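*Asks:* This is the structure I want to talk about, given as C-alpha coordinates.
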(Lines of atoms letter the chains of each structure in order from A and count residues from 1; the text may use other names and numbers.)
(Lines give C-alpha, C1' and ligand atoms only; values in the text may rest on other atoms or scores of the structure.)
Protein backbone atom coordinates (compact mmCIF):
# COMPACT_ATOMS: atom_id res chain seq x y z
CA UNK A 1 0.00 0.00 0.00
CA UNK A 2 1.30 3.55 -0.67
CA UNK A 3 0.66 4.71 2.90
CA UNK A 4 2.98 2.01 4.26
CA UNK A 5 5.88 4.04 2.90
CA UNK A 6 5.64 6.47 5.85
CA UNK A 7 3.98 4.10 8.33
CA UNK A 8 0.59 5.84 8.15
CA UNK A 9 -1.28 2.55 7.88
CA UNK A 10 0.46 0.90 10.83
CA UNK A 11 -0.29 0.94 14.54
CA UNK A 12 2.17 0.05 17.26
CA UNK A 13 1.32 -0.76 20.88
CA UNK A 14 3.09 -2.00 23.98
CA UNK A 15 3.41 -5.65 24.80
CA UNK A 16 1.16 -6.77 27.66
CA UNK A 17 2.12 -9.57 30.05
CA UNK A 18 -0.68 -10.93 32.26
CA UNK A 19 0.49 -12.70 35.43
CA UNK A 20 -2.01 -15.05 37.06
CA UNK A 21 -1.28 -14.34 40.74
CA UNK A 22 -3.65 -13.69 43.64
CA UNK A 23 -1.01 -11.84 45.63
CA UNK A 24 0.02 -9.56 42.78
CA UNK A 25 -3.59 -8.93 41.75
CA UNK A 26 -4.61 -8.03 45.30
CA UNK A 27 -1.56 -5.79 45.68
CA UNK A 28 -2.33 -4.02 42.40
CA UNK A 29 -5.89 -3.18 43.38
CA UNK A 30 -4.84 -2.16 46.90
CA UNK A 31 -2.27 0.28 45.50
CA UNK A 32 -4.72 1.64 42.92
CA UNK A 33 -7.33 2.17 45.64
CA UNK A 34 -4.81 3.97 47.87
CA UNK A 35 -3.79 6.24 44.99
CA UNK A 36 -7.45 6.99 44.22
CA UNK A 37 -8.14 7.89 47.87
CA UNK A 38 -5.12 10.23 47.99
CA UNK A 39 -6.17 11.90 44.72
CA UNK A 40 -9.72 12.47 45.99
CA UNK A 41 -8.53 13.83 49.36
CA UNK A 42 -6.13 16.27 47.69
CA UNK A 43 -8.83 17.33 45.22
CA UNK A 44 -11.29 18.09 48.02
CA UNK A 45 -8.69 19.68 50.31
CA UNK A 46 -7.21 22.00 47.65
CA UNK A 47 -10.50 22.38 45.76
CA UNK A 48 -8.83 21.51 42.46
CA UNK A 49 -12.26 21.09 40.89
CA UNK A 50 -12.93 24.85 41.14
CA UNK A 51 -12.11 27.92 39.12
CA UNK A 52 -10.53 30.66 41.25
CA UNK A 53 -10.55 34.45 41.15
CA UNK A 54 -8.52 36.96 43.21
CA UNK A 55 -10.15 39.50 45.48
CA UNK A 56 -10.60 43.21 44.66
CA UNK A 57 -10.88 45.25 47.84
CA UNK A 58 -11.37 48.69 49.42
CA UNK A 59 -10.88 49.58 53.09
CA UNK A 60 -11.98 52.44 55.35
CA UNK A 61 -11.29 52.84 59.07
CA UNK A 62 -12.84 54.95 61.84
CA UNK A 63 -10.96 55.40 65.13
CA UNK A 64 -12.72 56.40 68.35
CA UNK A 65 -11.41 57.33 71.80
CA UNK A 66 -10.52 60.24 74.09
CA UNK A 67 -7.39 60.69 76.26
CA UNK A 68 -6.08 63.34 78.64
CA UNK A 69 -2.36 64.08 78.99
CA UNK A 70 -0.23 66.48 81.02
CA UNK A 71 2.14 68.16 78.56
CA UNK A 72 5.23 69.85 80.03
CA UNK A 73 4.79 73.62 79.94
CA UNK A 74 1.22 73.29 78.63
CA UNK A 75 -0.74 71.46 81.29
CA UNK A 76 -3.63 69.06 80.92
CA UNK A 77 -4.69 68.56 77.32
CA UNK A 78 -7.61 66.48 76.10
CA UNK A 79 -6.93 64.56 72.89
CA UNK A 80 -9.81 63.51 70.69
CA UNK A 81 -9.86 61.78 67.31
CA UNK A 82 -8.99 65.01 65.46
CA UNK A 83 -5.86 65.53 67.56
CA UNK A 84 -4.35 62.03 67.58
CA UNK A 85 -5.30 60.90 64.05
CA UNK A 86 -2.53 62.98 62.49
CA UNK A 87 -2.45 64.00 58.84
CA UNK A 88 -4.12 61.95 56.13
CA UNK A 89 -2.21 58.75 55.42
CA UNK A 90 -2.01 56.44 52.44
CA UNK A 91 -5.03 54.42 51.45
CA UNK A 92 -5.84 51.34 53.53
CA UNK A 93 -4.02 52.74 56.58
CA UNK A 94 -4.62 54.97 59.62
CA UNK A 95 -2.37 56.62 62.20
CA UNK A 96 -2.70 57.10 65.97
CA UNK A 97 -0.44 59.44 67.98
CA UNK A 98 0.99 57.81 71.13
CA UNK A 99 3.80 60.20 72.18
CA UNK A 100 4.75 63.82 71.48
CA UNK A 101 7.45 66.50 71.92
CA UNK A 102 6.02 70.05 72.14
CA UNK A 103 7.89 73.28 71.34
CA UNK A 104 5.77 76.30 72.27
CA UNK A 105 5.60 79.91 71.20
CA UNK A 106 7.78 79.79 68.13
CA UNK A 107 8.13 83.02 66.14
CA UNK A 108 10.05 84.02 63.04
CA UNK A 109 13.35 85.52 64.16
CA UNK A 110 17.01 84.89 64.99
CA UNK A 111 18.23 82.49 67.66
CA UNK A 112 21.18 80.18 68.38
CA UNK A 113 21.21 76.77 66.68
CA UNK A 114 20.92 73.65 68.80
CA UNK A 115 24.45 72.40 69.67
CA UNK A 116 25.37 69.04 68.31
CA UNK A 117 28.40 67.33 66.80
CA UNK A 118 30.31 69.84 64.63
CA UNK A 119 27.90 72.73 65.33
CA UNK A 120 29.83 74.58 68.06
CA UNK A 121 31.67 77.78 67.19
CA UNK A 122 34.20 80.15 68.78
CA UNK A 123 34.10 83.24 66.55
CA UNK A 124 32.01 84.61 63.71
CA UNK A 125 34.54 83.15 61.26
CA UNK A 126 33.25 79.69 62.14
CA UNK A 127 29.79 80.60 60.85
CA UNK A 128 29.08 81.05 57.14
CA UNK A 129 26.30 83.44 56.26
CA UNK A 130 23.51 81.82 54.24
CA UNK A 131 24.73 78.28 54.95
CA UNK A 132 22.34 75.46 55.84
CA UNK A 133 22.31 71.67 55.73
CA UNK A 134 19.86 68.84 56.25
CA UNK A 135 20.26 68.92 60.03
CA UNK A 136 19.79 72.70 60.36
CA UNK A 137 16.71 74.35 61.83
CA UNK A 138 17.32 77.54 59.81
CA UNK A 139 19.79 79.59 57.73
CA UNK A 140 22.97 80.87 59.38
CA UNK A 141 23.37 84.65 59.78
CA UNK A 142 27.17 84.55 60.10
CA UNK A 143 27.25 85.35 63.83
CA UNK A 144 28.49 83.14 66.67
CA UNK A 145 26.30 83.61 69.76
CA UNK A 146 25.90 81.99 73.16
CA UNK A 147 23.57 79.04 73.44
CA UNK A 148 24.12 78.75 77.21
CA UNK A 149 26.84 79.58 79.71
CA UNK A 150 29.30 77.01 78.34
CA UNK A 151 28.46 76.62 74.63
CA UNK A 152 28.33 78.92 71.63
CA UNK A 153 26.62 78.09 68.32
CA UNK A 154 25.95 79.80 65.04
CA UNK A 155 22.96 82.07 64.92
CA UNK A 156 20.18 81.07 62.48
CA UNK A 157 17.10 82.72 61.03
CA UNK A 158 14.30 80.29 61.87
CA UNK A 159 11.20 79.68 63.98
CA UNK A 160 12.61 80.52 67.40
CA UNK A 161 13.21 78.97 69.82
CA UNK A 162 14.25 75.94 67.76
CA UNK A 163 13.26 72.44 68.77
CA UNK A 164 15.79 71.29 71.37
CA UNK A 165 14.58 67.86 72.46
CA UNK A 166 15.29 64.83 70.30
CA UNK A 167 14.36 61.81 72.46
CA UNK A 168 10.70 61.07 73.16
CA UNK A 169 9.36 61.01 76.73
CA UNK A 170 9.26 57.76 78.66
CA UNK A 171 6.65 56.46 79.33
CA UNK A 172 4.58 57.56 76.37
CA UNK A 173 2.31 60.54 77.03
CA UNK A 174 -0.65 58.98 75.20
CA UNK A 175 -0.36 55.46 76.60
CA UNK A 176 -4.16 55.60 77.06
CA UNK A 177 -4.49 55.12 73.29
CA UNK A 178 -4.28 51.41 74.07
CA UNK A 179 -8.00 51.51 74.82
CA UNK A 180 -8.99 53.29 71.59
CA UNK A 181 -11.11 51.30 69.16
CA UNK A 182 -11.21 51.18 65.38
CA UNK A 183 -14.01 50.09 63.08
CA UNK A 184 -12.65 48.54 59.87
CA UNK A 185 -15.00 48.41 56.90
CA UNK A 186 -13.82 46.15 54.11
CA UNK A 187 -15.74 45.76 50.84
CA UNK A 188 -14.61 43.03 48.46
CA UNK A 189 -15.56 41.81 45.01
CA UNK A 190 -14.72 38.82 42.84
CA UNK A 191 -15.16 40.04 39.23
CA UNK A 192 -15.14 36.60 37.60
CA UNK A 193 -18.21 35.53 39.60
CA UNK A 194 -19.78 39.00 40.05
CA UNK A 195 -19.85 38.37 43.80
CA UNK A 196 -19.82 41.24 46.33
CA UNK A 197 -19.25 40.94 50.07
CA UNK A 198 -18.27 43.04 53.11
CA UNK A 199 -16.84 42.18 56.51
CA UNK A 200 -19.88 43.73 58.22
CA UNK A 201 -22.20 40.78 57.61
CA UNK A 202 -25.94 41.22 56.90
CA UNK A 203 -26.92 39.81 60.31
CA UNK A 204 -24.79 42.43 62.14
CA UNK A 205 -27.04 45.28 63.29
CA UNK A 206 -26.29 48.44 65.23
CA UNK A 207 -26.86 46.76 68.60
CA UNK A 208 -24.42 44.01 67.71
CA UNK A 209 -21.68 46.47 66.68
CA UNK A 210 -22.05 48.42 69.94
CA UNK A 211 -21.45 45.33 72.08
CA UNK A 212 -19.30 42.92 70.08
CA UNK A 213 -15.72 42.21 71.17
CA UNK A 214 -13.06 40.36 69.25
CA UNK A 215 -12.12 38.27 72.29
CA UNK A 216 -15.48 36.50 72.10
CA UNK A 217 -16.36 36.95 68.43
CA UNK A 218 -13.64 36.54 65.77
CA UNK A 219 -15.91 38.16 63.14
CA UNK A 220 -16.36 41.42 65.06
CA UNK A 221 -15.11 44.31 62.84
CA UNK A 222 -14.36 46.58 65.85
CA UNK A 223 -10.87 46.18 67.30
CA UNK A 224 -9.21 47.54 70.43
CA UNK A 225 -5.76 48.94 69.57
CA UNK A 226 -4.17 47.21 72.56
CA UNK A 227 -5.53 43.84 71.38
CA UNK A 228 -4.18 44.40 67.86
CA UNK A 229 -0.68 45.15 69.18
CA UNK A 230 -0.81 42.22 71.61
CA UNK A 231 -1.85 39.73 68.89
CA UNK A 232 1.03 41.07 66.77
CA UNK A 233 3.38 39.89 69.51
CA UNK A 234 4.25 43.36 70.87
CA UNK A 235 3.70 45.34 74.05
CA UNK A 236 1.73 48.54 73.58
CA UNK A 237 3.63 50.52 76.25
CA UNK A 238 6.93 49.78 74.44
CA UNK A 239 5.86 50.50 70.87
CA UNK A 240 4.02 53.65 71.94
CA UNK A 241 7.28 55.42 72.92
CA UNK A 242 8.90 55.67 69.47
CA UNK A 243 6.06 54.40 67.30
CA UNK A 244 5.98 51.65 64.69
CA UNK A 245 4.02 49.99 61.91
CA UNK A 246 1.47 47.22 62.52
CA UNK A 247 -0.09 45.19 59.73
CA UNK A 248 -3.74 44.12 59.88
CA UNK A 249 -4.23 41.21 57.50
CA UNK A 250 -7.70 40.27 56.28
CA UNK A 251 -7.87 36.98 54.43
CA UNK A 252 -10.87 35.91 52.36
CA UNK A 253 -10.99 32.24 51.41
CA UNK A 254 -14.42 31.84 49.82
CA UNK A 255 -16.23 28.78 48.51
CA UNK A 256 -19.08 29.86 46.26
CA UNK A 257 -20.54 26.42 45.51
CA UNK A 258 -24.21 26.15 46.42
CA UNK A 259 -23.88 23.12 48.70
CA UNK A 260 -20.90 24.48 50.67
CA UNK A 261 -21.13 28.26 50.31
CA UNK A 262 -18.87 30.04 52.77
CA UNK A 263 -17.23 33.48 52.56
CA UNK A 264 -16.02 34.93 55.85
CA UNK A 265 -12.99 37.09 56.73
CA UNK A 266 -10.09 35.95 58.90
CA UNK A 267 -8.03 38.56 60.77
CA UNK A 268 -4.37 38.34 61.75
CA UNK A 269 -1.79 40.89 62.90
CA UNK A 270 1.98 41.36 62.72
CA UNK A 271 4.59 44.08 63.13
CA UNK A 272 6.07 45.31 59.86
CA UNK A 273 8.97 47.58 60.88
CA UNK A 274 12.22 46.92 62.76
CA UNK A 275 11.54 47.29 66.46
CA UNK A 276 15.07 47.21 67.89
CA UNK A 277 16.51 50.71 68.31
CA UNK A 278 20.08 49.39 68.35
CA UNK A 279 19.64 47.69 64.99
CA UNK A 280 18.43 50.64 62.96
CA UNK A 281 19.43 54.30 62.72
CA UNK A 282 15.91 55.75 62.81
CA UNK A 283 13.60 53.44 64.76
CA UNK A 284 9.88 53.90 65.10
CA UNK A 285 7.67 56.37 63.25
CA UNK A 286 7.22 60.11 63.77
CA UNK A 287 6.26 63.31 61.96
CA UNK A 288 5.90 67.03 62.78
CA UNK A 289 2.95 69.35 62.53
CA UNK A 290 2.15 72.81 63.94
CA UNK A 291 -0.80 74.79 65.26
CA UNK A 292 -0.72 78.52 64.38
CA UNK A 293 -2.24 81.51 66.14
CA UNK A 294 -1.85 85.32 66.32
CA UNK A 295 -0.55 86.93 69.56
CA UNK A 296 -0.41 90.73 69.69
CA UNK A 297 -0.45 90.85 65.91
CA UNK A 298 2.48 88.46 65.59
CA UNK A 299 2.11 84.96 64.17
CA UNK A 300 3.12 82.20 66.55
CA UNK A 301 3.00 78.46 66.34
CA UNK A 302 3.21 75.43 68.61
CA UNK A 303 5.34 72.68 67.05
CA UNK A 304 4.47 69.05 67.72
CA UNK A 305 6.81 66.15 66.98
CA UNK A 306 4.36 63.25 67.10
CA UNK A 307 5.32 59.61 67.58
CA UNK A 308 2.70 56.99 66.84
CA UNK A 309 1.59 53.72 65.32
CA UNK A 310 0.54 53.37 61.71
CA UNK A 311 -1.84 50.50 61.01
CA UNK A 312 -1.71 49.14 57.45
CA UNK A 313 -4.74 47.08 56.43
CA UNK A 314 -3.80 44.42 53.87
CA UNK A 315 -6.52 42.40 52.16
CA UNK A 316 -5.85 39.26 50.15
CA UNK A 317 -7.66 36.07 49.24
CA UNK A 318 -9.52 34.24 46.50
CA UNK A 319 -12.86 32.62 45.76
CA UNK A 320 -13.54 29.30 44.07
CA UNK A 321 -16.51 27.94 42.18
CA UNK A 322 -17.10 24.54 40.57
CA UNK A 323 -15.77 24.24 37.02
CA UNK A 324 -16.18 21.08 34.91
CA UNK A 325 -13.15 22.04 32.81
CA UNK A 326 -10.91 22.34 35.89
CA UNK A 327 -12.17 18.96 37.10
CA UNK A 328 -11.27 17.28 33.79
CA UNK A 329 -7.83 18.91 33.81
CA UNK A 330 -7.17 17.67 37.35
CA UNK A 331 -8.29 14.12 36.56
CA UNK A 332 -6.08 14.05 33.46
CA UNK A 333 -3.07 15.31 35.38
CA UNK A 334 -3.43 12.63 38.08
CA UNK A 335 -3.84 9.57 35.83
CA UNK A 336 -0.06 9.25 35.59
CA UNK A 337 0.06 8.41 39.32
CA UNK A 338 -1.26 4.94 38.54
CA UNK A 339 2.06 4.15 36.86
CA UNK A 340 3.50 3.95 40.37
CA UNK A 341 1.64 0.65 40.82
CA UNK A 342 3.45 -0.96 37.88
CA UNK A 343 6.82 0.42 38.99
CA UNK A 344 6.40 -0.90 42.55
CA UNK A 345 5.18 -4.36 41.54
CA UNK A 346 7.98 -4.75 38.98
CA UNK A 347 10.47 -3.80 41.69
CA UNK A 348 9.00 -6.32 44.14
CA UNK A 349 9.19 -9.14 41.58
CA UNK A 350 12.83 -8.32 40.87
CA UNK A 351 13.82 -8.30 44.56
CA UNK A 352 14.06 -11.09 47.10
CA UNK A 353 10.28 -10.96 47.73
CA UNK A 354 9.97 -13.60 44.99
CA UNK A 355 12.21 -16.49 44.03
CA UNK A 356 14.86 -16.05 41.38
CA UNK A 357 13.03 -18.52 39.13
CA UNK A 358 9.81 -16.49 39.21
CA UNK A 359 11.68 -13.27 38.58
CA UNK A 360 13.62 -14.78 35.66
CA UNK A 361 10.44 -16.21 34.11
CA UNK A 362 8.67 -12.83 34.40
CA UNK A 363 11.67 -11.03 32.94
CA UNK A 364 11.85 -13.39 29.95
CA UNK A 365 8.15 -12.95 29.25
CA UNK A 366 8.20 -9.18 29.54
CA UNK A 367 11.57 -8.29 28.04
CA UNK A 368 12.57 -9.53 24.61
CA UNK A 369 16.23 -9.05 23.72
CA UNK A 370 16.92 -8.20 20.06
CA UNK A 371 20.45 -7.90 18.68
CA UNK A 372 21.61 -5.58 15.96
CA UNK A 373 21.33 -7.04 12.44
CA UNK A 374 24.82 -8.04 11.27
CA UNK A 375 25.95 -7.78 7.70
CA UNK A 376 25.66 -11.08 5.84
CA UNK A 377 28.87 -12.55 4.33
CA UNK A 378 28.37 -14.64 1.17
CA UNK A 379 30.58 -17.10 -0.66
CA UNK A 380 30.32 -16.32 -4.37
CA UNK A 381 31.66 -18.49 -7.19
CA UNK A 382 31.50 -17.82 -10.94
CA UNK A 383 31.40 -20.57 -13.55
CA UNK A 384 34.34 -19.14 -15.44
CA UNK A 385 36.58 -18.90 -12.35
CA UNK A 386 38.14 -21.55 -10.20
CA UNK A 387 37.93 -19.31 -7.08
CA UNK A 388 35.52 -18.61 -4.26
CA UNK A 389 34.99 -14.99 -3.15
CA UNK A 390 33.93 -13.86 0.30
CA UNK A 391 31.83 -10.69 -0.06
CA UNK A 392 29.46 -8.63 2.09
CA UNK A 393 25.93 -8.45 0.82
CA UNK A 394 25.08 -4.93 -0.33
CA UNK A 395 21.65 -3.44 -0.97
CA UNK A 396 23.04 -0.86 -3.41
CA UNK A 397 25.45 -2.93 -5.55
CA UNK A 398 25.16 -6.27 -7.30
CA UNK A 399 27.41 -9.14 -6.25
CA UNK A 400 29.55 -8.73 -9.39
CA UNK A 401 30.39 -5.12 -8.38
CA UNK A 402 31.14 -5.75 -4.72
CA UNK A 403 34.84 -5.86 -3.89
CA UNK A 404 35.61 -9.24 -2.27
CA UNK A 405 37.00 -9.42 1.23
CA UNK A 406 38.94 -12.60 0.45
CA UNK A 407 39.58 -14.78 -2.64
CA UNK A 408 40.43 -18.45 -2.17
CA UNK A 409 40.94 -21.28 -4.71
CA UNK A 410 38.07 -23.66 -4.95
CA UNK A 411 38.85 -26.91 -3.08
CA UNK A 412 36.93 -29.95 -2.09
CA UNK A 413 37.75 -29.39 1.57
CA UNK A 414 35.92 -26.29 2.81
CA UNK A 415 37.22 -26.39 6.35
CA UNK A 416 39.43 -23.34 5.82
CA UNK A 417 36.46 -21.36 4.53
CA UNK A 418 34.50 -22.31 7.62
CA UNK A 419 37.34 -21.07 9.79
CA UNK A 420 37.45 -17.76 7.92
CA UNK A 421 33.68 -17.32 8.23
CA UNK A 422 33.77 -18.10 11.94
CA UNK A 423 36.21 -15.22 12.42
CA UNK A 424 34.41 -12.74 10.16
CA UNK A 425 30.89 -13.72 11.16
CA UNK A 426 30.53 -15.64 14.46
CA UNK A 427 27.00 -16.75 13.60
CA UNK A 428 27.94 -18.04 10.14
CA UNK A 429 27.85 -21.65 11.28
CA UNK A 430 24.26 -21.18 12.34
CA UNK A 431 23.27 -19.60 9.01
CA UNK A 432 21.60 -22.23 6.78
CA UNK A 433 22.63 -20.31 3.66
CA UNK A 434 26.26 -20.46 4.69
CA UNK A 435 25.87 -24.19 5.34
CA UNK A 436 24.59 -24.65 1.84
CA UNK A 437 27.42 -22.59 0.29
CA UNK A 438 30.07 -24.44 2.24
CA UNK A 439 28.61 -27.91 1.74
CA UNK A 440 30.88 -30.35 -0.22
CA UNK A 441 30.27 -30.81 -3.90
CA UNK A 442 28.07 -33.73 -4.84
CA UNK A 443 29.54 -36.86 -6.25
CA UNK A 444 29.40 -36.68 -10.09
CA UNK A 445 28.65 -40.38 -10.21
CA UNK A 446 25.58 -40.00 -8.11
CA UNK A 447 22.13 -39.43 -9.43
CA UNK A 448 21.73 -36.10 -11.26
CA UNK A 449 20.32 -33.21 -9.12
CA UNK A 450 20.94 -29.50 -8.60
CA UNK A 451 24.33 -28.61 -7.12
CA UNK A 452 24.05 -27.56 -3.48
CA UNK A 453 26.10 -24.40 -4.03
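Glycine residues also receive a Cβ, built from the backbone N, Cα and C atoms like all the rest.
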*Asks:* Among 410-431, 432-453, indicate the range for which TrEMBL gives the feature region 'Disordered'.
*Replies:* 432-453
*Asks:* TrEMBL lists transmembrane segment for one of the ranges 26-45, 66-85; which is that range?
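*Replies:* The range carrying the transmembrane segment annotation in TrEMBL is 26-45.
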*Asks:* Taking the Cβ of residue 288 (ATP binding site) as centre, how many other Cβ atoms lie within 10 Å?
*Replies:* 11
*Asks:* Among 62, 63, 64, 181, 286, 287, 288, 305, listed as contacts of ATP, what is the widest Cα spread in Å, to the nearest whole number?
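*Replies:* Among the residues the record ties to ATP, max Cα distance equals 24 Å.
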*Asks:* As a test of reading the model: what is the averaged pLDDT for the domain 'P2X purinoreceptor 7 intracellular' (379-453)?
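*Replies:* Taking every residue in the domain 'P2X purinoreceptor 7 intracellular' (379-453) and averaging pLDDT yields 64.
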*Asks:* Sorry to bug you, but what's the C-alpha spacing from residue 212 (disulfide bond) to residue 181 (ATP binding site), rounded to the closest Å?
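*Replies:* Between the Cα atoms of residue 181 (ATP binding site) and residue 212 (disulfide bond), the distance comes to 12 Å.
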*Asks:* Output the one of 127, 144 that, of all these disulfide-bonded residues, has the highest number of other Cβ atoms within 10 Å of its Cβ.
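*Replies:* Compared across 127, 144, the most Cβ atoms within 10 Å surround 127.
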*Asks:* Where residue 220 (disulfide bond) and residue 62 (ATP binding site) are concerned, what is their Cα separation in Å, rounded?
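*Replies:* Distance (Cα to Cα, whole Å): 14 Å.
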